[in-house]
């Protein structure tokens, strides 16, 4: 299998027209046009993936579109598949293999269709996938040629879209660097192409893969956050309540035992406050009371005379 320098722009043609014209893409039209080095629609990047397959991109569409196959009911070939430019994706229908015929030319196969169909071109267009893959007689439009016409020198073209395993039955995207082992196809005097090996100087590009949280993981995170918030609120409520209870315990004391007439003396200043009762002094009555003798003036009694009568 031949690999191509991903940092090179290529002309693509087939031996029936040789290099008098080249594959051209513009305004959703894929056809052959007379060679013009100034026409960007003839500039193709052949990007080699790590699995050895390649993706074809045109300078007019940069990496937004890639060469693929489209079902066309009016196609005269039994394959009903024509070459077309599609929005870039990681499907096998946009991946290709390029292998040598052995005569300096190359055959192009679509990965989705395997080697049972070769890329071919109707006289006057369009391109299609042909089930006639016999070596003889030669099918000239199945013998492809490539010629380098310049360097890409643009980081935009240093990444690709390819299938990556992100879970059962799923796929993702990954960026890659162009392959370093390359084969540069150049025109020879007999109109065929000769191959020479070269090494790409493209600097590595960081690889990345797309990922996302599953619905279950997102729900778990949401529940965890809600539980944490509720816990913090409960803790704050407990701390505030405990502080208030402690403050009440410190402030609480008993009010003095006052009679009804003392309420005014306490007044509003004592309202809302409590005081500890102060014990009143206790006095003991003496157990023995003193005795006193009554006093009276002395009286002289009369003397008895005759007759016993007073004088």
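A Cβ is built for glycine as well, from the same backbone N, Cα and C atoms used for every other residue.
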In TrEMBL, of the candidate ranges 217-240, 241-264, 265-288, the one given as transmembrane segment runs 217-240
Which range is region 'Disordered' per TrEMBL? Of 128-150, 289-311, it is 289-311
